[in-house]
Structure formats: structure tokens, C-alpha cells
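What TrEMBL says about this one:
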type	residues	note
REGION	1-47	region 'Disordered'
COMPBIAS	30-47	compositional bias 'Basic and acidic residues'
TRANSMEM	55-81	transmembrane segment
DOMAIN	58-510	domain 'Major facilitator superfamily (MFS) profile'
TRANSMEM	122-142	transmembrane segment
TRANSMEM	148-173	transmembrane segment
TRANSMEM	180-207	transmembrane segment
TRANSMEM	213-232	transmembrane segment
TRANSMEM	252-273	transmembrane segment
TRANSMEM	279-302	transmembrane segment
TRANSMEM	322-347	transmembrane segment
TRANSMEM	359-378	transmembrane segment
TRANSMEM	385-405	transmembrane segment
TRANSMEM	450-473	transmembrane segment
TRANSMEM	524-544	transmembrane segment
Amino acid sequence: MGIEETPIPTVHTNTDGLHEEPQTTGTLPPREDSEKASGPPDEHEKLDRPTGFKLYLILASMTLTQFVIMLDISVIVTAIPQITDHFHSLLDVGWYGSAYQLASASLQPLSGKIYTYFNLKWAFLSFFFVFELGSLLCAVATSSTMLIVARAISGLGASGLLNGGLAIFAACLPKERQPAMFGVLMAIGQLGQACGPLIGGALTQYATWRLCFYINLPIGAVVAGTLVFIHIPKGAMKSDKQTLRRMLTQTLDLVGFAIFAPASIQFFLALQYGGGQHAWTSATVLGLFCGSAATFAIFLVWEYHKGDDAMIPLAILRRRIVWSACLTLFFIVGILICAGYYLPIWFQAVKGTTPTMSGVYVLPNILGQIAMAMVAGISVPVFGYFLPFILTGASLAAIGYGLLSMLTPTYPSGPRIGYQIIGGVGCGAAAPIVYVALQALTPATESPIAMAILLFSQNFGAATFLTIAQTIFSNSLKTKIPQYAPGANAEAVLAAGATEFTKVVPPDQVAGVVKAYSVSVDNVFYLVCGAAGGAFVCSWAMGWRDIRQNKSNQGAISENQSE
């Protein structure tokens, strides 16, 4: 920004801040004008930022929120076997996660618009209230269906929490401090992920799985009680001139949301039904796939019609850094979610461990993620280049989780621990760096929407891979039980749950059912290995770029290339 009258292309941001139009003639505007358009905040904005103790309270609240989100995702994984026993709902395992992720994905792009046009603090607290309401309903669920619906409500609330935290960080911190604090945010989130299986296992074993959801309520009260009395800046861009009617009918694109949600639901229902309740070639499955494709086509046409006011602005999505980051994270989160859900099932169903010990046994995977996420988060802002971390991480994940696909009931513990560490380190090196790269290479005015699109791909990827994994697992189990335990009733085993099947299987058939469980989980890890390969391929499109070059003059970098 310190260069005057340099004949280089300038970038003009439109009033909605949704895309930039490069001009190939002229010179840079005077310093004060360019700063208003895309540079550092003016003196009023600097004075408006909280400092001292208030700033630390805000940052602590955001990191605690991220901790709760990751805790909520991971605390359930060691409780799921007991939940399936309680509700006799082994076939619903995928929905306990995918309902949450699908709801979160559906509202994710909308949340970016909400934070762009509404008060940051009250929008954040509104999302947090919905998340807490969903947690309460999960805790009091009386059926598997009610639990699935409650998880969806939690997902709707969670859809705006990470994006809101990033928006609040951007409003409260100067640009140069944001990458470091974002690294702290992700590290605390990973800590929640690490604690989740242990806490969930202990609560399930020594009390009840319902406490896995009740635990969110007091933490939420602390966060809300802290933020409600603290002033938070409005953020980089607000449109006070717009009426509420325009916001609801045009800016927020509620019609797009209403079209996208049923398209996604049809898609996931088709994946769940295929090969299980209905044949892949059945009218039900084919009808759902066709209906989903048709509805998605309508959604794309509508989004094109809406332009910059679309739920997913195509002007931003078509930028290479955005779509490549979204595809990369889509696959990476598939690795994380499938490994996180099915490793505890393997330990409890195959090895016969308690919920608490299954949480202990997956720690090598989670601690590997945390350690490497911290190393990568510190290293990337220093070295600048993010692609080597993502490529290395995807490669290690493919190796580690590929080796885990060889697990058998008698597999030695030493190699099993090593494979988890390799896979965890790989995910830790790749996952957080995708966020850092997009945040650093996106203009500040577009950051909330770009991050919302990225988080949409994260949640949509989690929902997609969980549904596919559940289909692979359940179909494999139905096929392998007659093969390894011909005297067992496959439907009775599925209805009994992941740890109660020994009560409905003849003693001489238990070993065969255990073998069937082990092979079925192995098949899920083939999917995980494939997802790692997908992340490796897609990450190349993000480019070999140095994020340090964007810190001093981010607003003058045109991202309009679809290269």
C-alpha cells in the first residue's frame, strides 16, 4: 500500500463486496482512498476495536465455542454403540452424524450473508441459542428419530458458529494477528476433538449417554453470559440502508435455501437406501437420485439468476482458490469423520472394549492431528507456502488409514497405534491449512462469504462421506454375517446394536459376527483411503502461492482468474 502512482492493475470492489472487476488502465488511487476501499481500517474502526481484558474475553469465548463444537461432534462417537443398543438402531448410525452435518451445510452459505448484513454479536448468539436448543433436545430424545431431528437442529445452530467466530476475529483483530489467533482457535477445537471420545466414553459407561449432550448447556451459558455484555465491532461491511424486507427476500436468498435442502435430503436418502432397504436399481433409489439431480439443477439456475445475492455466489465460487479449497476440504473432512466414527465401533464391537477405553485407544489418531495442526499452524505463516503441508498431509493420511484397512480381531496393538498416528498427523497437516490459505488469499470484504462456502463444503463432505460409509458398513455387514456366521440372524444382529449383538447370537457364532464387523469397518477405511487420494489431487489446484505476499496489500490482488 505504500507505493504511489504505480501503473499496475487496480481492483474495484462493488457495493455488495461480492466480486472485483480488474481495470487494466490507470494508477493506484491516493493512499487514503485505497485504504477505505480495501486496505487497513480507518482510525474510527481502530478505535472501535476492543482491547485489553475485553478483547481477551471475546477471544476466549470464541475459542471456547470452537471447543464445544468439536466436542459435540466427537463426544458422540464413543457413545454411538450404546445409543444403537438403547434405540436398537444400528442402521441409523450414519444419520446421527449426517443429519447434523447436512443441516449445517444447508445453512452455512446463508450464515455468511447473515454475518455480512446483521450485527455480529447478536447473529452469533442467535446461532448459539439454536445449537444449545438442539443439544437439549438430543439429551431428552425418546427415540432414534427424535435424536436425528435434534441433531439436525444442533447442526443448524452450529452452521454459523465457526464462521461467526472468524468474522468476530476479523472485526476485533488487525489482519496481521488473525492467522496466529486462527491457529489457536483450531488448536483449541482439536483439543475438544481429543477430549470428546474420552468424555463421551466415561459419561456413557459410568452415567448415561444423555450427559454427552447436557454437557453443552453450562458451557453455552458461560459463552453467552460473557458476550452479551461486551461490545463487538460491527465488522468490515454492513448495509444499514437496506430494509429488512430486502434482506429477507433478496440478500439472504431464502428461496435458494428452500431449494437446496430437499435436493440434499433426496441425495442422502438415496445413498442410505441403496443396496440396503432397496436395490440400487429400484424405483425408489433411482427416483430419489433423479429428483435430487433435477432439484440441484433448479438450484443452480436460481443461483445464477440471483447473481451476487445468491446463497452461494458463483462469482466467488468460480475463483480457483475458492473452489479448489472447497474440494480439498470436502475430501479431508471425509477422512476425519469416517475414521472418527468407525474406529470406536471397531474397538467396542470387535475388541469388546468399554466406551471409555475405546476413547483411549483412538487417542493416537487424535493427538497426532492436534500436534501436527499446531506445527502446521505455526509454520505456514512463517514459511508462507501452504501447499507442501496439504500434499504431505494427504499422502500420510492415505498411508495411515490405508494400513488401518488391514485390521483384524487379532491384529497387534503396536502397528495399530502407529497407523493411527500416521493418519492423524496427515490430517493435522492438511485440514487447518486449507482454512488459513483461503482466509489469507481472500479479500477482507469477501472473507465471511468465502469462508461460509468453505464451511459448507466441509459439512456437506462430512454428511456425504458419513452416509456413504454407513451404506458400505451396513451392506457389508449384511453380506459378511452369513459368510462368517451362517448360524446368526443378520437382521437381529443389526437391530441389537454394536455391542449387544452377543445377546442375540449363538455362542459358537459370536467369533464369526466379530469377524464380519471387522471386515465391514475395513471396507469403510478403503473409502477413507480414497478420500485422501481425492484431497491430494484437488489440492494441486490451490496453487503454489506465498500467503505472506497478501498481508500488506490483500485488497490489490485480483482473484478473478478462473485459471
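The backbone N, Cα and C atoms fix where each Cβ goes, glycine too.
The stretch in closest packing with the transmembrane segment (148-173), judged by the count of Cβ pairs under 8 Å and taken from 122-142, 279-302, 359-378, 450-473, 524-544, is 122-142.
Predicted-model confidence for the domain 'Major facilitator superfamily (MFS) profile' (58-510) is 85, expressed as mean pLDDT. In summary, the transmembrane segment (252-273) lies against the transmembrane segment (450-473): three or more C-beta pairs, each 6 or more positions apart in sequence, are under 8 Å. Using the rule of three or more Cβ pairs under 8 Å, pairs at least 6 apart in sequence, the transmembrane segment (385-405) is not in contact with the transmembrane segment (55-81). Here the transmembrane segment (122-142) has long-range neighbours at 65, 69, 72, 111, 114-115, 149-161, 164-165, 168, 210-211, 213-214, 216-217, 220, 223-224, 227-228, meaning same-chain residues at least 6 beyond its ends whose C-beta is under 8 angstroms from one of its own.
Within its own chain, the transmembrane segment (180-207) has Cβ neighbours under 8 Å at 59, 62-64, 66-79, 82, 165-166, 169, 173, 215, 340, 344, 354-360, 362-363, 366-367, 369-370, 373-374, 377-378, 381, 428, 432, 435-436, 439, counting only residues six or more beyond its boundaries.
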